[in-house]
Structure formats: structure tokens, C-alpha cells
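Pulled from Swiss-Prot, these are the features on record:
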- 20-40: transmembrane segment (TRANSMEM)
- 49-69: transmembrane segment (TRANSMEM)
- 88-108: transmembrane segment (TRANSMEM)
- 117-137: transmembrane segment (TRANSMEM)
- 178-198: transmembrane segment (TRANSMEM)
- 219-239: transmembrane segment (TRANSMEM)
- 260-280: transmembrane segment (TRANSMEM)
- 323-343: transmembrane segment (TRANSMEM)
- 351-371: transmembrane segment (TRANSMEM)
- 394-414: transmembrane segment (TRANSMEM)
- 429-451: transmembrane segment (TRANSMEM)
- 474-494: transmembrane segment (TRANSMEM)
Amino acid sequence: MFELPSGAEIQSIIATLKASVGFFIPEIYLSLLFMILIVVDLVVKGRKSTLLSVFSLVGLAGSLYFIYQQHAMQAGEFFFGMYVLDGFAIFFKYFFVLSGMLAVVITMADEQFEREISSMGEYYALVVAMVVGMMMMASSSDLLMIFLSMELVSFTAFILAGYFKSNMRSSEAALKYLIYGAVSSGLMIYGFSLIYGVTAQTNLIAISRELALHGADSFVMLFAALLVLAGFGYKIGAVPFHFWAPDVYEGSPTPVTAYLSVASKAAGFALLMRFVYVALPHTNNVQAATLGIDWFTLLVILAVASMIYGNVVALWQKNVKRLLAYSSIAHAGYALLGVIVMDKLGTQATLFYLLSYLLMNFGAFFVVVLIANRTGSESLDDYRGLGKSMPLAGAALTVFLISLVGLPPTIGFIGKLMVFSALIAKGSIFMWLALIGILTSVISLYYYMLIPLNMYLREPVQHASSNTGTQPRLVAQLFMGALMLLTIYFGLFFAPLSDFARYSASIFGLQLQ
């Protein structure tokens, strides 16, 4: 029979909530920013795109201060074990705020937004809301909180993908994203319900403890694992849960494509790593089956399939955004290699790889936006001759693409080197995974270099308008140059980022060896 809580119990709940609020300050701050942006958009009259853009940038930058303050806080659970604060969560909070800021900058540079959208307040508010949701994903330590935070991110992503309402491609992208997202969410929540049915727990640490003590039916756990993996696989865009990615990335506004391909993917990895490392009873032998489930083999299949499929299919793409979409599938596979290692070195490698991907992928999409402003096209053929007419954009895009391949002296080389080193350090079958990663990187060299080949070695076609447009604004060129220099700088002096990734590799509830 249901009974109302006593006065003492209510007082205890209130005290717990008060004690937990201090750990939630960045999310509260950004939620206020979300509401302020909507109010400013409603109150201020006339053209206010620049005001809203700058306000969003400054507001997002302000959240970095509150995140920095969390370094001094004790790692642990709060909000009744539904939320956790640790170095791992703080890393991703920084990551998501920087992603949001870069998305705002790319939006400011995209002239299509000026033509399609008269008021930008709702758009920037949605970008901020998505940052809040992804922060919650990184800190979620409970099945219910995982699902709620994922849905917050998904709903905002659906709207952003279809933000150009008059554009048929954008509307189609949003619809496909919604359908695939609904199916994957349904599968994942069913998997969560099976786990709850077996353990009677929703907290990840409690689930691990319950499974270690009492075990579970291997068939039920295998079925639940596949369903949960489908949800996480959809979020990171890994094969065979990738079907939404090419069409959604191609049809969405380019700043949204960049945002989804980096930030949303990283949020999926944050959840996947916390779930696999914390909710599952951890053993030193990563190849050993846990509760009758060969997690190692499942993740290996996802990683290898993503690397091979993403790189091979990208060979035939003629649309640059679609090409980068397939390459993002391959990069999900490379990042999964670090997860498979299941030790602190592998976690550090994955975090560093995501940092490198943040820089080089946002940089590549920023140049794609500037070129689209001039040519009105995303076709690979219309990139012909742009190396001469847009020399800085050509040089910057070449550097970003070299980094995406994983060649020195760029940050992408260090990212892949760390992932492959973590695999080789494990020996055995892990060395074969490293070899597959290297070979698929060689494949990616071909399609990535098609873009500089068109820009520098082929004459522009007659119908292209690439020689008649204006040069990018000075601020955009300076920002593009800064991203290019940072891509090279951190390829040479990577120690600060590597140390930060190592510091962030400690996950509450599990001490990786």
C-alpha cells in the first residue's frame, strides 16, 4: 500500500536536493542562458542576429568558469545517485561547451542562415539546450537519467536538423532523424527495462554490484545488451546503426551537421564508456565474457565494421558533406578501438581522439561553409580551382583533411597514434585491430585528398560560380587560420591535451588499471 512520506523523510529529501544543487551549477547557468536568449529574441526589435550570436558566445564562455570550479569538488554521486561528478564528466562538459561555441561561430559565418532565418534566438537557445542535455548525458549514473538526458539531446537535435523549414532536404533530414531516433530510443529503453527486471536497480554502480553478486540469465542479458548497444550505436553513428547519418548530415544546415557529427557523437561515447565500464562487472581480462556476453567481440564488430564501411563507401561520394558524413562513421570506429582496450590508457586515447576530432572536423566544416557562401554548392566538382581563388581556405581545408587522415604533423596523427599504441600495448588480437585501423586510414587518404586535388590541380568547370563570389570576411579568415594553426600546434606540442585526457580518464565507480 502506498504511503505518503513522513515529515522527516521530506526534510531528508529537501536536504539532499540542497546539497546536490552545488554540483549542478553549470547546467543551471546554461538553462538560465537558454531562457534569456528566448526573452532577448522576443523583446529586442529589428535585426539582432549579431547581438544574439555574441550573447550566446559570451554566455557559453561564462559556463567554463563554473565548470572550472568543479575541479575542486569531491568526485561522487548526488541527486540520489542519479548524477555523478568526476574528471570524466568534467572533461565532457568542457568539450560540449567548446562544441557549442564553435557551432555558434560557424553559424555566424554561414550566409544561408541570413537568407533562410529572420530570427536566430530560438536557434541559439536550442544549441544551448543541447549543451545542457549532453552535459547531463556525461554525468548520468542512472538508467532513468540516461534516457531523459538522451531524449533532451535528441529532441533539440531533431529541431536543429530541420531548422530550414522551407528547405526540402532539411525537412527530410529532420524526419529521418526523428524516425531512426524514435526506434533506437524504444529499443534502448526496452533493454533498460530488462536490466531493471533482472537487477531491480537503475543506478549503474548498484547494477554492477547486483550482477557481480547474483549473476543473471545469459540469454536475457545478451538480449538486453544488444538493445542497449543499438541505442548507443545510433548515438555515435556506428555500423550497423548508422543509416540515419549520411542523409541527416547532408540535409541539415552545415553548422548543425558539424555540431551533430562532433558533440552528439562524443555524448554517445561518454554514455557508452560509463555504461560499459561501470554497469558491467569489470575484469582484468577484457576478452573474458561477462555474464555470458562477449562484450569484447560485440564492440570489435562495431569498430571494424564502422572503419571499413565508412571509409569504403566514402570513396564514391561527390557531395563534400556526405563524404564527411561517411568519414564520421569511420571515425566512430577509430574511437571505439580505445574503448575496446578497457584500461586507463585506452580511455585516455579515446578522450584525446575526441579532442582531435573536435578541432579538425569543426575546422573542415567551417571551410565548407565559407566555400558554400562563395560557390553556392557542396559538390566536389565545384571545388575545382578554389586553391587559387581562395588560397587560405584551400590551405586550411588541406590541413584539416590531412589531420582527419591521421598524418603528421597534425593533432589527428597524435590521436590515432595514441589509439593504436594502446592497442599494441595489449598485444594479441589487439595488434590486428591496430593493423586494420592503419589500413583503413590508408583508404581514407584517397577520398580526403580528392578535395585538395580538385582545388589545386583541376581547372574550374564552366558552370561553377567559384570565381565570381566574394572572399570570406576578415574575421572568418582569421578564425579559420587560428583553427588551422591549432591543428598543427597540438600535433607538435600535444602534452597539455594528453595530460588533461589522462587526468580525465578516472571514472567514478571504477578505477581502470
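In case you wondered, yes, glycine gets a Cβ from its N, Cα and C as well.
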*asked:* Which range wins on Cβ pairs under 8 Å with the transmembrane segment (20-40): 88-108, 117-137, 178-198, 351-371, 429-451?
replied: 117-137
*Between the stretches 49-69, 219-239, 323-343, 351-371, 429-451, which wins on the count of C-beta pairs under 8 angstroms to the transmembrane segment (178-198)?*
219-239
*Six or more residues out from either end of the transmembrane segment (88-108), which same-chain residues have a Cβ under 8 Å from its Cβ atoms?*
26, 49-50, 53, 56-57, 60-61, 63-64, 67, 70-71, 120, 123-124, 127-128, 130-131, 134-135, 137-139, 253-256, 258-259, 262-263, 266-267, 270, 273-274, 351, 354-355, 358, 362, 365-366, 369, 479, 500-501, 504-508
*asked:* Against the transmembrane segment (117-137), which of these stretches has the most C-beta pairs under 8 Å: 49-69, 219-239, 429-451, 474-494?
replied: 49-69
*When you scan the chain for residues with a C-beta under 8 Å from the transmembrane segment (351-371), skipping those not six or more beyond its ends, what do you find?*
91, 95, 98-99, 102-103, 105-106, 109-110, 254-255, 257-258, 261-262, 265-266, 269, 320-321, 324, 328, 331, 334-335, 338, 378, 383, 386, 390, 393, 396-397, 399-401, 403-404, 410-412, 414-416, 418-419, 466, 472, 476, 479-480, 483-484, 486-487, 490, 494, 497-498, 501, 504-505
*Find the member of 260-280, 323-343, 474-494 that has more C-beta pairs under 8 Å to the transmembrane segment (429-451) than any other listed stretch.*
323-343
